[in-house]
Structure formats: structure tokens, C-alpha cells
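**Student:** Got a structure for you, written out below as C-alpha cells; questions coming shortly.
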Amino acid sequence: MPQYITDIDVSVNEAEQHQLRKHGFTQVHVNLNPEGKGNTIYLWYKTSDCPAITRIQFSFTDKMKEGLVTEGYHKVDKNLNTGNSGSPIYLWFYKGSSQYDVPIVELDLSTDAEADATKVQPLWERLPCDLNRRAGGNWIYLWVKRETQTYICDINATLNSSSDANLFRQGYIRMDEDTNRDAGGAYVFLWYRQTTDSQKAIKDLQVSTDQESKESYENQNYEKVEINLNEGTLGTPVYLYYKKNECSKDPIKMITLILDPTAVLPYINAGVEVVEKNLNEGNSGFREYLCFN
């Protein structure tokens, strides 16, 4: 029988490590609080042939939790930044059975730009929430491996949490990093859905940061995501465009966000398409780039 990830937990001290090991959990051997900044924190998981975890989300604001609670996501009630001044990050998971849900079979963590880029392989996808968010030190990202190859078939964006529950219900995965991070505007999140059918996949993604590029993509029959990724800031309007009927390009398997400037070149060298247009163009927020494989 296939073995799936069926439970996830977090330890924030040695006593909890002992208990989780005693109950059959496997430790991911990466301290989520490196360099002595707070508690020693580890991610743990169990595998079995029971119904699999198919989606993993993170929250670092109260608003991000609302849709997750409504749709029955399970919260691991341990702050991944326990003991430091970083964002209070919580992990949530869901066991779905829709056409957009594919079992997760393995977890891994990357802690530097080079290791991050080398994880870009078939079946793997990178969740864009930095698990060390605002704590300083390494950028830490969770990678999940699925049972079969998935492709990005739909993409969306939100300005607030009012439609979160509906999107979760429709099988979307939220990209848990604000495209307006530190820019002073609205919380803007990108979302995507997956399919195992490559014929339904998105083939190309582009970003417009000026009127000329906006008109160019529209003239090339790209579809526009109707949310300004720079909403509420003094920066340039930024829009995401996508195309499915692009014969010259392969179906997109993974999308994520890069905020670590040292990761851009390793990603490009690993064959990843980095759209080198800042999602915070024209403001003082984080430089963010969309990338896809």
C-alpha cells in the first residue's frame, strides 16, 4: 500500500520531541529557530495508508486563519517562531478528496539559496512562506512532494480574507506571503489550483509593471488576474498575466515567490523561470519575484 503523509506536528522543546518520537512521528532534522534565536523547534510527520494530507497552509495574521477555520483545516497549535520576535507562524493541513487534491508523500526543508534551488525537481513544490519570517537569520522554506506530478491549472489573487473560505472550498492553495510585504498597502495573496492533467495547465506567466507591458500582454491574448498586486501602496500598479494555449512552452508544475535576493541566480541556474519584475515596484517594500518551473 502507498504511504502518505497523514499527520504533522511541531515540537518546541525536548519534552515534546520525546513524546512525538514515542508516538511514531519522524523528525525533519532542521531547527526552525537556528542560531540560538528562541526555542529549538522541529517539524514532525507520520506516514500511513490512511487518507493523506493534500494541502498545507501557514498563517501569520489573525485574518489569515479565518478561511482555514471555516473550511475545517487542522491547526498545529505551536508557533514556529516560539521564543523569538518573528511573526507568529502556524501550520495548518487539510485532507481533501477533490479533483484538485493530490496526496503529499514527503516533506523537506531548505535553509539557504543554493539548497533551495536544488530542490526544484519533478513532484516537489515549495511553499512560499519563510518559516523564519521576521526572526532574522536563514530563509527557511517547506517543500512538499506529491504522489504524482501536478500542474498549475488556475491562478487567482485576493485583497482581503473575505473570499478565502470560498477559494479553499474550490480547491485553491494560498501562497502564504503578502505581495505587498512591508509596502504599507493591503494584504495581497496569490492563489493557485493544481491538476494532474497537463493539457489543462497554464503554460506561461508574466508580470506587468507599466502600461506598455500591460498592453503588450493583452495584445498577445494573455489572461489578466484582476487584482493589483501593489494595491493600496504608492507604487506602480502590478498585474499578473497567464496563458494556457502557448504551444512553445511546457506546462507549469510549480510557482513560488522569491524574497531572498541571493536566490535569484541559483534559481535561474537551476532552470527556473524567474520573472524579474519586482512585485513591489515603486515602493519601499520587499523586492519580490514570481518564479515558476
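Glycine is no exception: its Cβ is also placed from the backbone N, Cα and C atoms.
Look at TrEMBL and you will find 1-97, 101-246 tagged as domain 'MABP'.
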**Student:** Need one number: mean pLDDT over the domain 'MABP' (1-97).
**Tutor:** 94
**Student:** Please work out the helix, strand and coil residue numbers for the domain 'MABP' (101-246) from the DSSP assignment.
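**Tutor:** Looking at the domain 'MABP' (101-246) with DSSP, the answer is 24 helix, 45 strand, 77 coil.
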